[in-house]
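Data first, discussion second: the structure below is written as structure tokens.
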Ligand code: ATP
Ligand code: F6P
């Protein structure tokens, strides 16, 4: 239970947690330079790294050289990429120069406050890497080269069919011909490709061989680079899903209190019993092992109890998954908080992401303590996480790229299972609502309160409204699909 004593009011909780932003010197800027032949997952890695950085609050941007090239040569044939094609070489170099110049301007622009740029291109020759290194060095930007090497022909063919035939480079063309042309494009790149070797030991680099089955790391100097490398080396592309659920309705939810460590209600228990079948209904391939993660609070453990008993899946309890600590406001209702701490109540409405409860946490604090959870999730395969409203919003926002100012206001209803399936350039989402009513704990800004605080109070009215919410939601299976997002390209972008 959070402390409510006055001497804790100004003490930020979890102050010992890693905070990527605060340990990073104001001056440091990093250019992550992707390296590798086409269809080696460079854009996927760049997009994910970008999403991770945005989530932890680090200003980052991907500069995709293929996008620059496309403005002059939208649908080139494989011969364009032949190193002996002088005109092709000239145009490819011009596109790289434009991208690097925009990137350097972005770093120096006071408004963007850029910290990490990701230069997404093949950068497949020593000469090109030397040129980028020197351009960055002269502009006071560190470089981190990330090379993806893959010699698994089946995987490369899969990659081509999965993302390349759909790209703007082949829009409107026959997918089979597009795949053939793409193979030829790769052959042309192979003529000039030079892997990073011992003669480039002066660079900071990481080489990922066959999706991280071997990783070679050279000269990582700063904390942010080491976090990035750790993140990137844990990425995998095995098919899997991540399920998210809040705990079943709790006794505190019924009375409108926040925080605490109450038991689940009768309806919460009904949800706990329904969870195994809801999970099955969501689509679990035969013989799939799923690991159950809960917080250390009673309501999530009780919610996962039947799931664990029926499936025998391994279960882990994480302190980091405990609900946002509401400090002195713990065990109060929103109405009581508004009465007792009106200034805090308004401050939270004004900037919910950054507002830190007295003696408790902000959403920003929760994201920082969830960072190891995200790292572990990236390493893991199928996981079902039973957690709390604020924590679930933060985890969901990482996968669906929800901006910080929106994430604390998202609706994540009780008694609903969210299934997230990572795809090449985004995350597919499906929601499965159990046919078990529950109160709504969502509260909008100002007077837009949760249902329980409407003027017509009283148990009967609340029950009618809760029933209505449950009725409207029953049986809904939605497909929210892919997120466009600025950092996760919907299409593959080709490199020069
Ligand atoms: P291009 O140079 O043409 O832009 P690319 O290297 O950027 O190609 P992506 O567009 O990112 O390649 O390819 C995405 C595909 O690569 C996805 O199908 C994904 O599953 C797969 N992939 C992701 N990571 C790796 C990896 N480390 N090695 C090989 N394939 C990967
Ligand atoms: O009301 C349920 C709950 O999980 C509380 O314990 C917690 O303080 C709150 O939701 C977080 O939601 P919000 O940030 O919208 O107040």
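In case you wondered, yes, glycine gets a Cβ from its N, Cα and C as well.
Caution: TrEMBL annotation is automatic and unverified by curators.
A quick note: this is a predicted structure, and the numbers were derived from the prediction, not measured.
Noted in TrEMBL for the protein shown:
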{"type": "REGION", "residues": "1-20", "note": "region 'Disordered'"}
{"type": "BINDING", "residues": "246, 247, 248, 249, 250, 251, 252, 253, 299", "note": "substrate binding site"}
{"type": "ACT_SITE", "residues": "247", "note": "active site, tele-phosphohistidine intermediate"}
{"type": "ACT_SITE", "residues": "323", "note": "active site, proton donor/acceptor"}
{"type": "TRANSMEM", "residues": "464-483", "note": "transmembrane segment"}
About how far apart, in whole Å, are the alpha carbons (Cα) of residue 248 (substrate binding site) and residue 323 (active site, proton donor/acceptor)? 14
Around ligand 2, within a Cβ distance of under 6 Å, which of the recorded positions 246, 247, 248, 299, 323 show up? 323
Write out, in the order they occur in the sequence, the residues of the chain not among 246, 247, 248, 249, 250, 251, 252, 253, 299 that have a C-beta within 8 Å of the mean position of the C-beta atoms of the recorded substrate site. 262, 264, 265, 268, 303, 414
Around residue 250 (substrate binding site), how many other C-beta atoms are within 10 angstroms of its C-beta? 29
Can you tell me the CA-to-CA distance separating residue 246 (substrate binding site) and the residue listed as 'active site, proton donor/acceptor', as a whole number of Å? 10
Three-state secondary structure, residue 299 (substrate binding site) (per DSSP): helix
Cα separation, residue 250 (substrate binding site) to the residue listed as 'active site, proton donor/acceptor' (Å, whole number): 13
Largest separation between Cα atoms (Å) of residues that the record links to substrate, namely 246, 247, 248, 249, 250, 251, 252, 253, 299: 14
As a whole number of Å, the Cα atom of residue 299 (substrate binding site) is distant from the Cα atom of residue 247 (active site, tele-phosphohistidine intermediate) by 6
Sequence-ordered list of residues in the chain of residue 252 (substrate binding site) that lie 6 or more positions away and have a Cβ within less than 8 Å of its Cβ, or none, is 258, 259, 260, 262, 331
